[in-house]
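Participant: Would you mind keeping the following structure in view while I ask a few things?
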Amino acid sequence: MAKMYYNNDANLELLKDKKVAVIGFGSQGHAHALNLKESGVDVVVGLYKESKSWSKAQEQGLEVLEVAEAAKASDIVMILVPDEHQKKVYAEHIVKNLEEGNALVFAHGFNIHFSQIVPPEYVDVFMVAPKGPGHLVRRVYSEGKGVPALLAVYQDYTGNAKELALAYAKGIGATRAGVLETTFKEETETDLFGEQCVLCGGATELIKAGFDTLVEAGYQPEIAYFECLHEMKLIVDLLYEGGFEKMRYSISDTAEYGDYMIGRRMITEETRKEMKKVLEEIQTGQFAKDWLSENTMNRPVFNAVKRRELEHPIVEVGKNLRSMMEWIEKK
Ligand code: NDP
Ligand code: MG
Ligand code: MG
């Protein structure tokens, strides 16, 4: 069993005389800044002057400065701008404001692991990565609970990096739910693998393939949508609550028999072989290189595929059906 850390393993006092700069005020940024503040930590938000987040952060009672000033004023700098912008923000505004013994913190290992950011040797470098979207990190904290997180130390200059990381994790509420120690390598590679093969890429292609098969066979697209997409959540909720056992307990025996017989015909040996290949491309840095070069070229492939995906019939069908389901939260 992996070692887990909880509230009693972390000491918020370690943050008492320190100032934390949260760079960015998006999904994770707003959650970290507000949770830390409510945990009694001295927080400043770092943004660029024209950012639409600037007034939002101020309205919620937070001090806001430009990135360089925020980094300069603080001892701990948490970088929560999008991964593909971090290298530039770091080089232009942060590195020259890091003093000896400061800490540089991440919520995802990509830029460190793939050498986009190479920090000076005189700072601590660690990661506190909540395993959930930022809006949940905030909401769940307000309810007195927490979203679990991963913790990793990349560089321990002060000898205190892990304790500091645990204190930070406590400040955002993560030690209420459990914090697991990992490495930047493990977090980065498993995160990319999960989103590509299972959670995002795997799930959407599976749904689309099911939807297309039914529609091409002449069934109503609305039925196909409910069956292949809408019901996915209901099944995933059961998986989340009680694993495969609870899901299989809850479905009919017919569904359970179909699950056992057919699942392996969908995810075949060939699919597993392809997964290994994808993992290899992540491990060798091939994926990182492709994604970084996409970004230097204004994302030609990303934009083209995104456009094509939006033209898929499941988009229109889904829009209409969801508009009738008032209980589905609209953004
Ligand atoms: P978002 O895209 O939600 O937020 C980005 C924020 O950074 C915005 O406030 C944006 O301002 C600001 N920003 C953008 N460019 C700059 C810049 N040049 N200088 C200063 N501020 C800038 O990011 P996420 O919260 O999704 O991701 C942040 C980090 O957290 C990433 O490392 C990600 O991998 C990690 N992470 C994210 C999770 C999530 O739930 N989304 C889950 C776990 C980890 P503006 O409002 O003006 O655009
Ligand atoms: Mg990810
Ligand atoms: Mg059914």
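Cβ atoms here come from the backbone N, Cα and C positions, even for glycine.
Keep in mind the model is a prediction, meaning the values are calculated, not measured.
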Participant: Given that TrEMBL annotates F25, G26, S27, Q28, S51, S53 as NADP(+)-binding, name the residue from G132, G134, G144 that shares the site.
Facilitator: G134
Participant: Within the domain 'KARI C-terminal knotted' (183-328), count helix residues (DSSP H, G, I), strand residues (E, B) and coil residues, in that order.
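Facilitator: Helix/strand/coil tally for the domain 'KARI C-terminal knotted' (183-328): 124 helix, 0 strand, 22 coil.
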Participant: Quick one: among the recorded positions F25, S51, H108, which has the most Cβ atoms sitting within 10 Å of its own Cβ?
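Facilitator: It comes out as F25.
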Participant: Among residues F25, G26, S27, Q28, S51, S53, G134 annotated as binding NADP(+), what is the maximum Cα-Cα distance? Answer in Å.
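Facilitator: Greatest Cα-Cα span of the listed binding residues: 19 Å.
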Participant: Write down the Cα-Cα distance for H108 (active site) and S51 (NADP(+) binding site), rounded and given in Å.
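Facilitator: Between the Cα atoms of S51 (NADP(+) binding site) and H108 (active site), the distance comes to 22 Å.
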